[in-house]
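**Student:** Sharing a structure below in structure tokens format, with a few things to ask.
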Amino acid sequence: MRIVVLVSGTGSNLQAVIDAVNSGGLDVEIAAVGADRPGTYGVERSAAAGIPTFVVDFKAYPDRAAWNAALTEAVAAFAPDVVVSSGFMRIVSADFIDSFGGKYLNTHPALLPAFPGAHGVRDALAYGVKVTGCTVHWADAGVDTGPIIAQEAVAIGDGETEDALHERIKVVERRLLVSTLAALAAAGTSE
Ligand code: GAR
């Protein structure tokens, strides 16, 4: 199974996938890693791991449609079976997702459909829920919407900060992402 991973930031979830592949625990090929802006650590660590990288800078395009078209072309060049949004903080078009047969996987640091968006951890803390978690799902063109594949709960500690909670969620999220990819690879991607 060939995957292209899209990142906007540090790419620690991506690193977990790279590590699992390199240790022989995950039978997927990371064909490329792409970002929506220059200078991400996610792209830097991919290049260091010898993975092809690309940037389709959102700010370099006149509008979202032009950026989507360029992103589609850049990803399609690597002919992925599955595209993974791993901390990719941009909404892609339905056309983008259709181009890859709907195989657009996303991870989110909350128990969807609760607390979608860019601040899932902050919003869960602000609401005051006692349990949150993470979700791996097939993404559609909405904000963190689409069929759920896997979820795991994380209890929130008294007075826990956003950063500390997010870090604990990410530990679970990385494991869930790797196990989901392993299951998809074993099933021949078309689950
Ligand atoms: C992850 O927690 C991911 O779920 C979240 O961004 C973080 C990226 O971390 N994505 C979203 O909030 C999507 N709505 P990373 O760059 O260290 O992998």
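Glycine too: its Cβ is placed from the backbone N, Cα and C atoms.
Note that the structure is predicted; figures quoted are calculated from it, not measured.
Copied straight from TrEMBL:
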{"type": "BINDING", "residues": "GLY11, SER12, ASN13", "note": "N(1)-(5-phospho-beta-D-ribosyl)glycinamide binding site"}
{"type": "BINDING", "residues": "ARG64, MET89, ARG90, ILE91, VAL92, ASN106", "note": "(6R)-10-formyltetrahydrofolate binding site"}
{"type": "DOMAIN", "residues": "1-180", "note": "domain 'Formyl transferase N-terminal'"}
{"type": "SITE", "residues": "ASP144", "note": "site 'Raises pKa of active site His'"}
**Student:** For each of ARG64, ARG90, count the other CB atoms within 10 A of its CB; which of these binding-site residues has the top count?
**Tutor:** ARG90
**Student:** Quick one: which of the binding-site residues (GLY11, ASN13, ARG90) have their CB closer than 6 Å to ligand 1?
**Tutor:** GLY11, ASN13
**Student:** Compute the centroid of the Cβ atoms of GLY11, SER12, ASN13, then list the same-chain residues not in that set whose Cβ lies within 8 Å of it, in sequence order, for the N(1)-(5-phospho-beta-D-ribosyl)glycinamide site.
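**Tutor:** Checked against the 8 Å cutoff, the neighbours are VAL7, GLY9, THR10, LEU14, GLN15, ALA16, GLY42, SER86, GLY87, LYS170, ARG174.
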**Student:** Please report the three-state DSSP label of ARG64 ((6R)-10-formyltetrahydrofolate binding site).
**Tutor:** helix
**Student:** In the three-state scheme derived from DSSP, which category covers ASN106 ((6R)-10-formyltetrahydrofolate binding site)?
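**Tutor:** Strand, per DSSP.
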**Student:** I'd like the number of other C-beta atoms within 10 A of the C-beta of ASN106 ((6R)-10-formyltetrahydrofolate binding site), please.
**Tutor:** 24
**Student:** Among all chains shown, work out which of the binding-site residues SER12, ASN13 has the most CB atoms within 10 A of its CB.
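**Tutor:** Top count of Cβ atoms within 10 Å goes to ASN13.
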**Student:** Please state how far apart, in Å and to a whole number, the two most distant Cα atoms are among ARG64, MET89, ARG90, ILE91, VAL92, ASN106, the recorded (6R)-10-formyltetrahydrofolate-binding residues.
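**Tutor:** Roughly 20 Å, rounded to the nearest whole number.
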**Student:** In Å, rounded, how far does the Cα of GLY11 (N(1)-(5-phospho-beta-D-ribosyl)glycinamide binding site) sit from the Cα of ASP144 (site 'Raises pKa of active site His')?
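**Tutor:** That separation, Cα to Cα, works out to 18 Å.
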**Student:** Quick one: give me the count of other CB atoms within 10 A of the CB of MET89 ((6R)-10-formyltetrahydrofolate binding site).
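**Tutor:** That number is 14.
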**Student:** In sequence order, which same-chain residues at least six apart have a C-beta under 8 angstroms from ASP144 (site 'Raises pKa of active site His')?
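**Tutor:** In sequence order, the residues whose Cβ lies under 8 Å from that of ASP144 (site 'Raises pKa of active site His') (at least 6 apart) are ASN106, HIS108, LEU112, PRO116, GLY117, GLY120, THR135, HIS137.
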**Student:** Within 10 Å of ASN13 (N(1)-(5-phospho-beta-D-ribosyl)glycinamide binding site), Cα to Cα, which of the binding-site residues ARG64, MET89, ARG90 are there?
**Tutor:** none
**Student:** Got a sec? Which of these binding-site residues, ILE91, VAL92, has the most Cβ atoms within 10 Å?
**Tutor:** VAL92
**Student:** ILE91 ((6R)-10-formyltetrahydrofolate binding site) to SER12 (N(1)-(5-phospho-beta-D-ribosyl)glycinamide binding site): how many Å between their Cα atoms?
**Tutor:** 20
